[in-house]
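Engineer: According to TrEMBL, the protein carries these features:
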type     : residues  : note
COILED   : B:596-623 : coiled coil
COMPBIAS : B:721-731 : compositional bias 'Basic and acidic residues'
COMPBIAS : B:771-781 : compositional bias 'Acidic residues'
DOMAIN   : B:76-470  : domain 'Cation/H+ exchanger transmembrane'
DOMAIN   : B:567-664 : domain 'Sodium/hydrogen exchanger regulatory region'
REGION   : B:701-781 : region 'Disordered'
TRANSMEM : B:21-42   : transmembrane segment
TRANSMEM : B:93-115  : transmembrane segment
TRANSMEM : B:127-144 : transmembrane segment
TRANSMEM : B:156-178 : transmembrane segment
TRANSMEM : B:190-212 : transmembrane segment
TRANSMEM : B:224-244 : transmembrane segment
TRANSMEM : B:259-285 : transmembrane segment
TRANSMEM : B:315-334 : transmembrane segment
TRANSMEM : B:355-372 : transmembrane segment
TRANSMEM : B:378-404 : transmembrane segment
TRANSMEM : B:416-435 : transmembrane segment
TRANSMEM : B:447-470 : transmembrane segment
Amino acid sequence: MSSRTNRWRKTVSLEQINNLNKRFRQLSSNKETLSREDLASIPDLDNNPIRLQIINAFFDKRNLSQSEVGIVQEIGFEEFLMVLTHFQPAAMDITEDNREKLRRTKLRFLFNMHDTDGNGIITLEEYRQAVEELLSKAGTIAPETVKAIADAAMLDVASTTRGKMEPDEFYEGITFEHFLQILKTLDIETTMHVRFLNLDTANMRCGK
Amino acid sequence: MLVGATSHSPTGSRGFMERGFLLLVVLMFLEGTVFPLGAASSPDINNYTFPKKAFPVLSLDYGHIQMPFEISLWVLLASLMKLGFHLIPRLSGIVPESCLLIVVGLLVGGLIKLAGEEVPPVLDSKLFFLCLLPPIILDAGYFLPIRPFMENIGTILMFAVIGTLWNAFFVGGLLFAVCQIEGTHLSQVELLPCLLFGSIISAVDPVAVLAVFEEIHINELLHILVFGESLLNDAVTVVLYHLFEEYSGAGEVTLMDAFLGVICFLIVSLGGVAVGAIYGILAAFTSRFTSHTRVIEPLFVFVYSYMAYLSAEMFHLSGIMALIACGAVTRPYVEANISHKSHTTIKYFLKMWSSVSETLIFIFLGVATVAGPHAWNWTFVSVTVILCLVSRVIGVVGLTFIINKFRIVKLTTKDQFIVAYGGLRGAIAFSLGYLLDKDHFPMRTMFLTAIITEIFFTVFVQGMTIKPLVDLLAVKKKQEAKRSINEEIHTQFLDHLLTGIEDICGHYGHHHWKDKLNRFNKKYIKKCLIAGERYKEPQLIAFYHKMEFKQAIELVESGGGVKMPAAMPLQVSMQNIQPKKQPPMAADRALPQFTKNREEEIRKILRSNLQKTRQRLRSYNRHTLVADPYEDGWSEYMLKKQRMIELEKKVSNYLTVPAAPSDSPTMRRARLASDPNAFYTIKAPPGNVPTIQVELASPQSPDSVNLVDEFSKKGGSSQKNTDDRKEEQGRMMKPPSAGKGGKGEEEEEEEEGENKNPGLLRCLSDPGPSNEDEEDEPFLP
């Protein structure tokens, strides 16, 4: 395993890495790399309204390394792990600084999922798209309602972050800082985690 | 009749005599009928020479109404006390209400005793368990915040079951050991009664916890932990109580009995939940058909829940768990079916009953203390108090150590302290002790004394000091902010994201099962239990509509947008977030271009009116609005008209479920035409302006008229339709005089706002238990 995986050993146990490796092999039908179709073929994901966005998140370069923007076609096991480490819980004795860093990492992941064109801002269109996806499995929804909800949400962000605005000022979109601000009550560092990546428990069940 | 007939007879003196004679006959006749009644109450009927009593004009018959009268007096006393406490400003801050009420009870009991009367056995177990306790538990169950409850269910169950068991055995066992010591004169107390006593006293009491924790506003996690524990330990208490009570006579408990006890526990708890769930589903199903008899909707919720409680008690299952299950299951489905007013009714009735119950319970505790009988034994009582405290602390610390291995959000030492310190005992323990049979348990009075002392200790000492301790330890307090739509969107988004990640990793964890349950709920259950098409409504949209509705009500309350509360300083409107479209080429526009000055003028007018519009537009009912300031006012007018229809539709939808039938054409026209911003445009449809009269006299939709009537009665003027604020502004519309019209409107609106405010505010003011943010959470979010 490369140096990156070695670094993660401190945060994810060896057993968990092995289990994930097994899962990776299973998904990629024993190939070295995973492609979109492999992920899309998981039957459980069919019911998920945001499955496309989740799948895209795995292939988004921004989640794989800090500086690049764009999409890759296939990912290796390291990249797979890298995406999954966004879902680690915070350790009990985490310092305030690290907690803040963890929050930012996780929220950055969420932000990247919404910001599909990669320009660092979630525009009204992108937000509308996100809401539409969220409601996509819920039967026939009138498009006006979707727009109304997205618009209301956007207004909320604008008003809490920018305050008073002149009629001809234009609010470009949600920047990452604004995003942090509006979601600060959600306690992301504790809610956004998948249990088996927990540091303490070593019991893992890979279904199927 | 007879007398009358004779009096009209034309004969003279003979008629007079006849009259007198007949009068006498009639009187005797009357007295003859009255006598048997009188004879019934007085046994000596052997002589007809009764002295003729005067017909009783006014008599006193206390016995006839004694029971209901005394009950009403108690309730009145309780309510007046509650009133009184809040009038004394500093007192309620220092001393929790429960303490004050116990003191009042002591005083009342003392007064009754001084008066020489026997103190009534007010905390009679039957009265307590069948009348006083259910409202409190139903209130708790109906408004239980499901999401935090379910997230922490493992921890709560650990505390409730294992913690209570530990407490019971620790206290009971050690107490027995102490009793065996020579100097205490308590050697006649055997092991099993001690264990029974331990099980009675070890249960954390939901009433006391609610009463005290309500005032300290700690964060949601701790609240739900302690409160959930107090609710769920009922099953354990019931089983232990019956087990030890049964076998105290026999003198010993074998392993077989213990095993049966465990089985019994499972049956009691799961059975209770099952009974509650069944009744809950019945209630939900019934509420599906109540669209024509909205008035009795709340009744179904109450009656079904109460019957769930009684049915569970009938089988000696856990009534409390049945009630909680019933309330929690009923709520999401019933709320989708019933009207808004029924919802408000349910909420306020539950709060009212539970509040009165709680007050009465504490007062009765005080009275029962005075009533006695007491058998004070220093050793027993003091050892009980100390042991309870010690066992609670050890139990909590030990359990947390184990629990933290499985929790993501660990419980810190501060949390543990609050959980341990918040374990208050209350009236349930007393009632259970009261239920003990005097013959089987000769030391019953000593037990009762010890229980009361423990209750007093926890409520007074722990109850009074917990608030300063919370402040001292800087424990995280409850978040007051309401949930915003962004948070809601992202919470749902996160749920789906985490489910997806779990699926990708192939790990069937919490989110996976929760998601499955949600889908099952949506597909099958909601279809059966929710009337009409509303079952298809996804949660996000329901949330959004609720917010919209609340926003509309808030705006109405604040006087139609004129006096905006300072908390909403926003002045961001749709214009600011919509990307600007390029104005079309001049050649495409058939309309004349405005000169610069004209533009400025229009813009100024627009701005001054859009100020109010903007504040109104704050409500969540936006359409895609291309607010291009260069466009002609006509299209703006059209869009606003559309929006008004939308708002009206939505607001009326949530005042009456399902959507209200359409209004009469006059009303609709009046509403549509009452657009304040159309006046300034040259192209404003001339026909509409003069015909603006808000025709409230005309028939409105039957459901919304009630709301209007309420408001109109209190608002003093009968011309306010609060369904749509815009209408009241519409009423003020006058034919425009360009440029000045804007200001005129403003002034009139201000005036309008002033008149309306006190009335509306009074009727809309919500002094009851507010900040019920939890209730907005759907069942399975």
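Start at 1 and count along the chain as shown; that gives each residue its number.
Quick reminder: no glycine exception, Cβ is built from N, Cα and C everywhere.
Note that TrEMBL annotation is computational and uncurated.
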Engineer: Select the range from B:93-115, B:224-244, B:315-334, B:416-435, B:447-470 that forms the most Cβ-Cβ pairs under 8 Å with the transmembrane segment (B:355-372).
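Structural biologist: Per the Cβ under 8 Å count, B:93-115.
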Engineer: Using a Cβ-Cβ cut-off of under 8 Å, list the residues of the same chain that are 6+ residues beyond the ends of the transmembrane segment (B:259-285) and lie near it.
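Structural biologist: The answer is 232, 235-236, 238-240, 242-243, 300-301, 304-305, 307-308, 311-312, 315-330, 333-334, 337, 528-530.
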Engineer: In terms of Cβ proximity under 8 Å, which residues at least six beyond the ends of the transmembrane segment (B:315-334) contact it?
Structural biologist: 129, 133-134, 137-138, 140-144, 146, 206, 231-232, 234-235, 238, 242, 267-269, 271-277, 279-281, 283-284, 287, 301, 304-305, 308-309, 525-526, 529-530, 778-780
Engineer: Are there residues at least 6 beyond the ends of the transmembrane segment (B:416-435) whose Cβ is under 8 Å from a Cβ of it, and what are they?
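Structural biologist: Contacts of the transmembrane segment (B:416-435) (Cβ under 8 Å, skipping residues fewer than 6 from its ends): 123-125, 128-129, 132-133, 159, 197, 200-201, 203-209, 212-213, 218, 222, 225-226, 229, 237, 241, 361-362, 364-365, 368, 388, 392-393, 395-397, 400, 444, 447-448, 451-452, 454-455, 458-459, 462-463, 466, 469-470, 473, 475.
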Engineer: List, by number or range, the same-chain residues at least 6 past the transmembrane segment (B:447-470) whose CB is under 8 A from its CB atoms?
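Structural biologist: Apart from its flanks, the transmembrane segment (B:447-470) reaches 94-96, 98-99, 102, 193, 197, 200-201, 208, 211-212, 215-216, 218, 365, 368-369, 373-377, 380-381, 384-385, 388, 418, 421-427, 429-430, 433-434, 436, 441, 477.
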Engineer: Hey, would you say the transmembrane segment (B:156-178) packs against the transmembrane segment (B:378-404), going by three or more CB pairs under 8 A that are 6+ residues apart?
Structural biologist: yes
Engineer: At a C-beta cut-off of under 8 Å, are there same-chain residues at least 6 beyond the transmembrane segment (B:127-144) that contact it? List them, or none.
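Structural biologist: Distal contacts: 206-207, 210, 227, 231, 301-302, 305-306, 309-310, 313, 319-320, 323-328, 330-331, 346, 350-351, 353-354, 356-358, 360-361, 364, 427-428, 431, 772, 774-775.
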Engineer: Determine which residues of the chain contact the transmembrane segment (B:378-404) at the Cβ level, with the cut-off under 8 Å and only residues 6 or more beyond its ends counted.
Structural biologist: 154-155, 158-159, 162-163, 166-167, 170-171, 174-175, 178-179, 184, 186, 201-202, 410-411, 415-416, 419-420, 423, 425, 446, 449-450, 453-454, 457-458
Engineer: Taking all residues of the coiled coil (B:596-623) together, what is their mean pLDDT?
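Structural biologist: Averaged over the coiled coil (B:596-623), the predicted model reaches a pLDDT of 58.
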